[in-house]
């Protein structure tokens, strides 16, 4: 018999000296009439012991702290051996919560346990966005979190409806996922399973063999993220009219059309020599460099005390640098920089194939373009979650919670633990091709480029640039979508900018449009780490390095659980 599954949520107090759950809610996934809303954590945990089901909280890192705190204070201890009256967790070294597995004992050989998962790992969006994007027949509401609610507080009709909506939105969304066969712990795992189902597990294991941990560690040194760069020419200055374009499904489009590695790599010494059987390669290289005039910098060096980790470099400084580079990255660097004192050390070479992901991407692109609501959003999730799964870190050493003397949770690093890599070379080359796509387009617009962010280019002026004029389309895979045209803008740093965007009213909503069609402008604030509350205080006049405001919630572990303390946010 399959286990029942429930969507759950807590509402909690906001005082450091009175941290507790004042309301809980649970609703059965696939049976929305089976739900309950109550006001006692003890009552909820009694139900958890009796139900022995799979529960989902949206952002388990927050709600899970109250559960683990309760378990510790009621005699349960952490253990990964499945002993009675113990609990196990999956919490990453970065503090991401994935699971709590509470074992109550055994009936014969059958384990009596309740497993709690994080629905945010399957649906990585706020509840309000899930309701909107999935076109669910209810929307997330609002309540005043700071209202006094003493122990035994009687839940008001408004609070009851708010909690019920929250758990129902997630219950409906997860039910849709599960009915599509998407039943893994994370969106990435769902996507990888879907790809294996199309390719077949047998062929997957042959095409993407397991590499040794030492080899994976070396190859992983060539793995880099998206290209995010602000042109110094426009930094901290108000800019006039401009345009923003972004690539439709950047990573899936590279997976669809670019030559990508497969099979076991071959190690080579020195400089890579052309090999038609193994045309893709990762080169370990030591060199000095100087940016050419009129070129965008593309070299970024992390975990090095001589360089800022988020800065793209114009020169190598006083000493040569050593990098692991795909042939895609290396060719781009050779075009953008003068290289000196080059030493080719060694590397890995790979067979190549185009179209490995064609059937998978065709399937989900069709759903994305022909469906609306939930199915469309699930298709986007499947398309965008796969590439990163290939480069999953095999080091899965986690954190273990424990109860400190003051009653709050502490965390220690657990025993070292590793899993098999998936196939890191694939993640390395997909991201390399993605950077190549964005950088090549930006470089062709060198006289206009303001800013790049992974899949987007921001340009001065209102003319479509020559390099993309024939590949502009709002939906086609790999084409550039014209996202917006702005009247004015100001960029301070990566992921920190504001724009007045030209808009017009369509069916009662403001839609981006050209300057000629515009009836007004919409003020847009993009700033990593800034809450919506603080964004409402931003203007063109005060948006600058040093801008400071209260309104950033900072989680603090206290006796009983977690309190979100109001703290200062500053643009640095």
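Even glycines carry a Cβ here, placed using N, Cα and C.
Since the structure is predicted, the reported quantities are computational estimates derived from the model, not experimental observations.
Summarising the annotation, Swiss-Prot assigns region '3'-5' exonuclease and strand displacement activities' to 1-222.
If you look up Swiss-Prot, you'll see 56-66 marked as region 'Interaction with the primer terminal protein'. Among residues of the same chain six or more beyond the region 'Interaction with the primer terminal protein' (56-66), those with a C-beta under 8 A of the stretch's C-beta atoms are 5-10, 12, 20-21, 29, 41, 89, 95-100, 116-120, 122-123, 127, 166, 170, 174, 409, 555, 557, 560-562.
In the three-state DSSP classification, residue 90 (site 'Involved in binding template-primer structures') falls within a strand. The Cβ neighbour count for residue 90 (site 'Involved in binding template-primer structures'), using a 10 Å radius over every protein chain in view, is 18. Look at Swiss-Prot and you will find 90 tagged as site 'Involved in binding template-primer structures', backed by similarity to another entry.
When secondary structure is read from DSSP and collapsed to three states, residue 119 (site 'Essential for 3'-5' exonucleolysis') falls in the helix class. Residues or ranges marked as site 'Essential for 3'-5' exonucleolysis' in Swiss-Prot: 119 (among others).
Annotation source Swiss-Prot lists site 'Critical for 3'-5' exonucleolysis' at 119. Of all Cβ atoms in the shown protein chains, 24 besides its own fall within 10 Å of the Cβ of residue 119 (site 'Essential for 3'-5' exonucleolysis').
Sequence-distant contacts of residue 120 (site 'Essential for 3'-5' exonucleolysis'), defined as residues of its own chain at least six apart whose C-beta falls under 8 angstroms from its C-beta, comprise 58, 59, 60. Look at Swiss-Prot and you will find 120 (among others) tagged as site 'Essential for 3'-5' exonucleolysis'.
Residues of the same chain lying 6 or more positions beyond the ends of the region 'DNA-binding' (223-226) and with a Cβ under 8 Å from any Cβ of it are 300, 329, 391, 424, 427-428, 431-432, 434-435, 438, 453-455. The region 'DNA-binding' feature in Swiss-Prot is assigned to 223-226; the stated evidence is similarity to another entry.
The feature region 'Initiation, polymerization and pyrophosphorolytic activities' is assigned by Swiss-Prot to 227-572.
Every protein chain considered, the tally of other Cβ atoms within 10 Å of the Cβ of residue 455 (Mg(2+) 2 binding site) stands at 20. Annotated Mg(2+) 2 binding site per Swiss-Prot: 246, 247, 453, 455, in sequence order.
For 251 (among others), the entry in Swiss-Prot reads site 'Probably involved in nucleotide binding selection', with the evidence type similarity to another entry. Residues near residue 251 (site 'Probably involved in nucleotide binding selection') in space but far in sequence (CB under 8 A, at least 6 apart, same chain), listed by position: 384, 387, 430, 431, 434. Taken residue by residue with DSSP, residue 251 (site 'Probably involved in nucleotide binding selection') is part of a helix.
Per Swiss-Prot, the feature site 'Probably involved in nucleotide binding selection' maps to 380 (among others). When other Cβ atoms within 10 Å of the Cβ of residue 380 (site 'Probably involved in nucleotide binding selection') are tallied across all protein chains shown, the result is 17.
According to Swiss-Prot, the feature site 'Probably involved in binding template-primer structures' maps to 384 (among others), an assignment based on similarity to another entry. DSSP assigns residue 384 (site 'Probably involved in binding template-primer structures') to a helical segment in the three-state reduction.
All protein chains included, residue 387 (site 'Probably involved in nucleotide binding selection') registers 22 other Cβ atoms within 10 Å of its own Cβ. The annotation site 'Probably involved in nucleotide binding selection' is assigned in Swiss-Prot to 387 (among others) on the grounds of similarity to another entry.
Within the same chain, residues at least 6 positions away in sequence whose Cβ sits under 8 Å from that of residue 388 (site 'Probably involved in binding template-primer structures') are 188, 427. Summarising the annotation, Swiss-Prot assigns site 'Probably involved in binding template-primer structures' to 388 (among others) and lists similarity to another entry as the type of evidence.
According to Swiss-Prot, the site 'Probably involved in binding template-primer structures' annotation covers 431 (among others). Residue 431 (site 'Probably involved in binding template-primer structures') carries a helical DSSP state (H, G or I).
Residues annotated as site 'Probably involved in binding template-primer structures' in Swiss-Prot, with similarity to another entry given as evidence: 495 (among others). Its Cβ taken as reference, residue 495 (site 'Probably involved in binding template-primer structures') is surrounded by 17 other Cβ atoms within 10 Å in the chains shown.
Spacing of residue 247 (Mg(2+) 2 binding site) relative to residue 119 (site 'Essential for 3'-5' exonucleolysis') is 28 Å (Cα to Cα, whole number). According to DSSP, residue 453 (Mg(2+) 2 binding site) sits within a strand segment. Checking each of the recorded sites (90, 119, 380, 495, 497) against residue 453 (Mg(2+) 2 binding site), the C-alpha distance stays within 10 Å for 495. If you average pLDDT over the region '3'-5' exonuclease and strand displacement activities' (1-222) in this model, you get 94. In this structure, residue 495 (site 'Probably involved in binding template-primer structures') belongs to neither helix nor strand by DSSP; it is coil.
Residues in the region 'DNA-binding' (223-226) partition by DSSP class (helix H, G, I; strand E, B; coil) as 0 helix, 0 strand, 4 coil.
Packing around residue 246 (Mg(2+) 2 binding site) is summarised by its Cβ count: 18 other Cβ atoms lie within 10 angstroms of its Cβ, all protein chains included. The CA atom of residue 90 (site 'Involved in binding template-primer structures') is located 14 Å away from the CA atom of residue 119 (site 'Essential for 3'-5' exonucleolysis').
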